[in-house]
Amino acid sequence: MQKARSYIPNLLNFLQADRWPNAALFFFCLLAAVLSHMFFISEWFEGRYMTGMNDGLSQMQPFKQLLYEQYTSGEFFYSPDFGFGGGTYTQLGYYFATSIFFLITMLVTYILESLGLIGAPDIFYWADIILIVSIIRLTGILILASCYFRVLGMKALPAFTGAVIYGTSIIYFRHVTYWEFFADSMLWLLLLLIGIERIMRGKGVGLFIGAVSISLFDNFYFAYVNFLLSGVYVLFRWIFPFDGNGRAKLIQLKHYIIGLAAGFCISGFSFFPAVYGYLNNYRPAYEDHIPAFEFIDNLLLNGRIVYLPAFVLICLLAKPLYRNRHFRFFAVMTIVLSILHFSPFIGSLFNGFSAPQYRWEYMLSLAAGGAAGAALPLAGRLKLLPLASAGAGAGAALFYILFYHFDPKLEFEEVQDAYMAIAAFISAAVFLLGAAFFRKKAGVLVSAAVILTSVLIPNFYQEERLTVTGTEYRVSKEFMNSRDYNGADQQELIRLVQEGNDDPLARIDWMIPLRNNTPIVQDFKGMSVYSSILNKELLWFYLRDLEIDMGRDSVSRYASLGDRANLYSILMGKYYIAEKGDASIPYGFKRIASAGGYEAYENENLLPFVRTADSVYLEKDLKGSSPAAKEQAMLKGIVLEKGKANAPIPDSRNLISQAEFKPVNAEYAGGKLKVSGEEGGIDLLISERNPSAKDYLVGFNIDGINNKEEFILEVNEFQTIRKEEGSIYRTGVDDLIIRVKAADRISLRMPKGEYHLKDFKLYEETFEVLESVKKEEHRHVPPEAEWSGNRLSFELQNEGGEHYAIIPLPFEKGWRLKINGEEEELLKANYAFTGFRLQEGQNRIELVYYPPYFFQLLALSIAAISICLAALFKKSRHMSVRQPIEKGDPR
């Protein structure tokens, strides 16, 4: 017992030491990281994963699987399996294409696979290791955050306590679970701030250059966020200097500019293609009003984004603590950032002036951690100032009462619902009691309470906020093997289709509802993708040029071809998979296989991958034409962006005058439809229907009036989902074109409510042009194209002397064309795809893709690295020459 007592003073002395051994710091950081993941660790043993049901399964895991297969095959620049095809750096640079944590994870995985220690990674593998990678990442964040606070002069325990508040903040777990790569930014921010501190203190710019380079290489979006945060940090440091021995502001500014310029150059080969991809993306402008301030989050009692510990709040209200420069700096920054957290305008600023997003608040957690770390050594002094201590406690209690009262969503139905309030009470009680009765040990006691609550809160948050109580909301192996993600019957049907397919470039139209990346998950060439960065030419092809309804009104994705047979034939849509009983099968598709509740169909009118043409149409001439006319132009010839047309625009009359309008459970007048029943709408009754018509394309403009929820719109056998008013994910496209099988009655159905419904159009499709083109194309042997990664090649004998060739390769800057060894110009053809002029006779075609300006940027990066290394070497030599002289200088 006595021996045990002797350990306590030794432990206290160790904890209160200026610095800890590196091994001890690593152990404590690893322990905190593990403890803060305990809920997900328990879930992992139950066969559930640390990932979100939506973007986690729809984007994060599929993209990691896609990139791993691509990179380990030696393909680094282009993926034919990303929708219709897309550049890796340009369209996946926002995700994992250059993520340093992912690249390291991939390398380790590849080594383990090569050694036979693990099997070939699949989608389950990437979901499995999220937890391990997260613990490792968080350990690194805690170590680096401790080092950052040590740079500012804090002792080991306060520095570690501040690091725990930062690293285990709920925004970290929110990021990892929903958008895993977001969490990396918490590490790179620390590197930037340490680099800034070194510049301020008169030291070298090297670390800052490295931090800038890593940030830009890793993720251009969070480099933008972190640079803004770093700018805020510098401003606060200039306003609240720690001492007067630092560099002058203008000299600092010069070093920042040099560091930024060098970092941009070093990372150019990765950063600039990613930015080009962002600029080449299309996302509708966010037009809703963005308020300056709004109560978006209860950061004291019910935070979903960020949480402010009670200890920090009490310290912010303790006036005597502001005499300390370090505390004053962090406290004011915490207060300002807490206020800005409630500003949607600031959320928009950090999201590139788009829809407000709250992804920057880890800086608020860092400021709160700094305030806690600076206050801990001063905690005992509040014993001498009981009024200040009591006043701070009373003020904090008042804030909690106000936040409880004015939060309409906050309800404490169970004890665990109040986990943030309970943690706040524990921290506050330990702090106030420690300050009153344990002056010398107050810092250690409060640190222990703060660290304990900081690792406990994330566990409650993980269960209550990230997974929701109830296993139906948790991602499990069972769910990932279900028909809602990657069912056995679906896999079997894909296998049957692929076994019978003799064309490696053929595509399958199939996706699980809302899962546009199903082709990546189930490993086939598909016609859908979901990604925040996409080729705008393809998006415009869907939304504006051909007006293809994707079955869901949502940005950042494209899917299917709206069951329009002409487009399937043009774009290598050979197969179509649907649930049994689906009546919306495109024209010309015959049933070839089935498995469980699914059936596969094959396109009998598929056109070759490489097609030639003489008839030229221009986009501007077709601008007022119907989608049916545009499809026929694409079948008969080539549609170019510029040049000279040589063919008349195909005829496609609007037949809406032949239709009679009949409201059903609704009233329709003046372009407004009021549905009074549970479901209703309007019927179009077609008179004098053409018996040769196989399909109709029915067009109209529809917009819900004050619709607070998304709604299902049905047009005969076709179904599409329209977003609710005010959704930040709406495309803003309300002019729809829906394909239905030709019938005497076209029924529009929607739920009860009011709608704007106007501008009706009706076009018929007999498919005579498609069948004629098919017969003509099948008279010739199509060239066999080989498409591997960023290379596409084939040989074409231009026997008919035609002037153009068209291929269903998305038009994207970076492709280079050679015909018979000579470089030629690529043309944007058929609105979003690729065409080129042919030569007479034999044409040996080779297309190669590299990111835009890749080799120039790579040369710039190499030059910048060389210059930086030469400068570093010169400086180190200069220092080694001066050092002996300085030591022997009698002055």
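Cβ coordinates are placed from backbone N, Cα and C, and glycine is handled just like the others.
Those TrEMBL annotations? Automatic predictions, nothing curated.
Annotated features in TrEMBL:
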TRANSMEM  20-41  transmembrane segment
TRANSMEM  92-112  transmembrane segment
TRANSMEM  124-149  transmembrane segment
TRANSMEM  156-173  transmembrane segment
TRANSMEM  179-197  transmembrane segment
TRANSMEM  256-279  transmembrane segment
TRANSMEM  299-317  transmembrane segment
TRANSMEM  329-350  transmembrane segment
TRANSMEM  362-380  transmembrane segment
TRANSMEM  387-406  transmembrane segment
TRANSMEM  444-461  transmembrane segment
TRANSMEM  853-873  transmembrane segment
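Contact check: the transmembrane segment (179-197) against the transmembrane segment (299-317) gives fewer than three Cβ pairs closer than 8 Å, residues 6 or more apart, which falls short of the contact criterion. Here the listed stretches are 20-41, 256-279, 329-350, 362-380, and the one with the most C-beta pairs under 8 angstroms to the transmembrane segment (124-149) is 20-41. Under the criterion of 3 or more C-beta pairs below 8 Å, with sequence separation of 6 or more, the transmembrane segment (387-406) and the transmembrane segment (853-873) do not qualify as touching, having fewer than 3 such pairs.
By the Cβ criterion (under 8 Å, sequence separation of 6 or more), the transmembrane segment (444-461) is in contact with the transmembrane segment (20-41), since 3+ such pairs are found. A Cβ distance under 8 Å defines the sequence-distant neighbours of the transmembrane segment (92-112), meaning residues of its chain 6+ beyond its ends; these are 59-60, 63-64, 66-68, 71-72, 79, 82, 86, 118, 121, 125, 129, 133, 137, 181, 184, 214, 217-221, 270, 273-274, 277-278, 531-533.
Beyond the ends of the transmembrane segment (329-350), by six or more residues, the same chain brings 225, 228, 232-233, 236-237, 240, 242, 286, 290-297, 299, 305-306, 308, 312, 315-316, 321-322, 356-361, 363-364, 367-368, 370-371, 373-374 to within a C-beta distance below 8 angstroms of the stretch. Beyond the ends of the transmembrane segment (853-873), by six or more residues, the same chain brings 77, 89, 206, 209, 262, 265-269, 272-273, 814 to within a C-beta distance below 8 angstroms of the stretch.
Counted as Cβ pairs under 8 Å, contacts with the transmembrane segment (299-317) are highest for 362-380 among 156-173, 256-279, 362-380. Counting same-chain residues at least six beyond the ends of the transmembrane segment (256-279), those with a Cβ under 8 angstroms from any Cβ of the stretch are 87, 89-91, 93-94, 97-98, 195-196, 199, 205, 208-217, 219-221, 223, 227, 234, 533, 813, 851-854, 857-858, 860-861, 863-865, 867-868.
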